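Feature annotations, reproduced from Swiss-Prot:
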type    : residues                       : note
BINDING : 58, 59, 60, 61, 62, 63, 64, 65 : ATP binding site
């Protein structure tokens, strides 16, 4: 089903025309909603600390999570105290939930579980981003909030908007959901503060972002605490797959082919490359269908969901976002201006 949808969105399949009436309805509803905020019929809430929203305007993966991880590291290095709020897509909870490293994706969502495991950052998930932000401020000492995947959540006033684009697929056929991949029209690109192009060539008004592989990590080495300061499991040993080895691969993300292409670019020979649905809750049985004893490589997001039943020959490819220094400089300048406007000083150092 997922591959057929991608044919409609990105390969010009004629079935898109059958969905066009629904896209027109989607356009009408979303336009009225934006107009309600613009005219003051609905109110956006302003928070006492700067808010950075990271999102996209297409359905599926574009590189938001690596971007959030990059921002966390950047802000901590510069002396800020960041916290994260997220929708917690796919998780089962009521209200708002304080995320602790080691919580499962079923509890808090795929991306929050991965971010918490990697960084140990203060984080709250909730369907209502404003309530999540208030809980974050009440429970943690943070002075800047990163909103993961909140570009269309207009009830939350933001100081900086960062749009992440898949550089290869970009906006597909240019149509709104469900006939196309767009949550909002391509015009939205012109209203944000920063546009990051993940992969391929960036346009003149975009910052080029690449995802740099940093090595393979044993899935079985993931444990119930933050991995932020623990790199002992990254050491290469004789069992670690190396370029030229024949491996199997799996991915349950928005764009599995990007992951498979990355593995091949690293020199791995893919015997099997299996696509799972995005946000799939894996069981040991699911993996058994593709596991023939060869090294099995997966994404970090999938690894967090498979850690409870991981085998010794399962590995995930760790990646870090790489962005030009000009982006970091301009982002920090924007945050300092926002903090000054809100609090009469910079970031409280």
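Yeah, the Cβs are placed from backbone N, Cα and C, and that goes for glycine too.
Positions of Swiss-Prot features highlighted on the structure.
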residue : record           : CB count, 10 Å
58      : ATP binding site : 24
59      : ATP binding site : 17
60      : ATP binding site : 18
61      : ATP binding site : 23
62      : ATP binding site : 29
63      : ATP binding site : 26
64      : ATP binding site : 23
65      : ATP binding site : 26
DSSP-derived class (H/G/I helix, E/B strand, else coil) of residue 58 (ATP binding site): strand
Shell of the ATP site beyond 58, 59, 60, 61, 62, 63, 64, 65, same chain only (C-beta within 8 angstroms of their C-beta centre): 56, 164, 166, 254, 255
